[in-house]
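Single-structure report; data block below.
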Amino acid sequence: MRLVVVAGPTASGKTALAIALARRLGGEIVNADSQQVYRGLDVGTAKPTAEERAAAPHHLLDLVEPGEGMDAARFAALADAAIAGIAARGRVPIVAGGTGLYVRALLHGVVEAPGRDPALRAALEEEAARLGRPAVHARLAAVDPAAAALIRPNDLVRVVRALEIAAGGRTPSELYRAHAFREDRYDAALLALDPPRAELHARIDARVRAMFAGGLLDEARALEARFDGALPARLPIGYAEAAAHLRGELDLEEAIRRVQVAHRRYARRQVIWLRKERGVAWIAPPHDVEALARRVLEPRPPAIR
């Protein structure tokens, strides 16, 4: 069975290409975007619309509530089940998303890491509350600069987890290097969209403005009400800024600007991650769907398996 993966930075057109390939190949789409697993966070995560979901079946959207956890190991297990079901129906599984850790876990397995340390976790969360999340991120940067560079300073959940791992004696980067992700769990065609930077930034900026005009503020308002103003530590980009605007802490243009900058930085991290993957076929627009459909179904030569 051939697995098709459509990856790339945010706003690069992954959903549109995945749907076009699904319609051409008779496929179903498996989400690999860590932000789109949350229920009720639709506009701010650019989740496929009802029309897009009607154009091709989608899996692994709306799995957990905001504030609940989802990690790469759990994602890979859920994706394995979805892919098996798609294959059993005689359809082509198409994985689409920009979360590199999820794609890597699915294609090459998961690193075995130390378990949770509740005492350390509590101490780090207290430090973040007292000194700010960037202070805890700086602690990670001191012990594992490479891991810190891949995690947003405000993503306290991932920062704390990385420090938990480092406290076990080996940093996350050391564990990843030792694992090396050599195992190929699937025969996969990995496509990565690669629009010119100026074009990508323009698309990001336009998308963020459309989010603010199209319901992001309503979603942030609902979160504020649900969590009584104390938003979960790990939310997709944009919700904290939208909530700050609703509280009168940011004017609208500044909130939009900050979210645009955050998405551009996220896109850069996504590209850096993908550049490290093996066997990536970088695709520049415009996309010839017919040619790509033929290409992804061609068996890989044994030498590059």
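Just so you know, glycine gets a Cβ as well, placed from its N, Cα and C.
Pulled from Swiss-Prot, these are the features on record:
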| type | residues | note |
| --- | --- | --- |
| BINDING | G8, P9, T10, A11, S12, G13, K14, T15 | ATP binding site |
| BINDING | T10, A11, S12, G13, K14, T15 | substrate binding site |
| REGION | 33-36 | region 'Interaction with substrate tRNA' |
| SITE | T99 | site 'Interaction with substrate tRNA' |
| SITE | R121 | site 'Interaction with substrate tRNA' |
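Feature map: Swiss-Prot annotations on the structure.
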| residue | record | Cβ contacts under 8 Å, 6 or more apart |
| --- | --- | --- |
| G8 | ATP binding site | K14, G98, L191, A192, L193, D194, Q270, L274, I283 |
| P9 | ATP binding site | G98, L193, L200, Y266, A267, R268, Q270, V271 |
| T10 | ATP binding site | A46, G98, I204, H263, Y266, A267, Q270 |
| A11 | ATP binding site | A46, L200, R203, I204, R207, H263, A267 |
| S12 | ATP binding site | G98, L193, D194, P195, L200, R203, A267 |
| G13 | ATP binding site | L193, P195, P285, H287 |
| T15 | ATP binding site | A46, P48, E52, A96 |
| T99 | site 'Interaction with substrate tRNA' | A32, D33, S34, Q35 |
| R121 | site 'Interaction with substrate tRNA' | V160, E164 |
Conformational class of S12 (ATP binding site) under the three-state DSSP mapping: coil
For T99 (site 'Interaction with substrate tRNA'): DSSP state (helix, strand, coil): coil
Protein Cβ atoms within 10 Å of K14 (ATP binding site), excluding its own: 24
Secondary structure content of the region 'Interaction with substrate tRNA' (33-36), with strand meaning DSSP E or B: 0 helix, 0 strand, 4 coil
8 Å Cβ shell about T10, A11, S12, G13, K14, T15 centroid, substrate site members excluded: G8, P9, A16, A46, G98, L193, R203
Residues close to ATP site centre defined by G8, P9, T10, A11, S12, G13, K14, T15, Cβ within 8 Å: G98, L193, P195
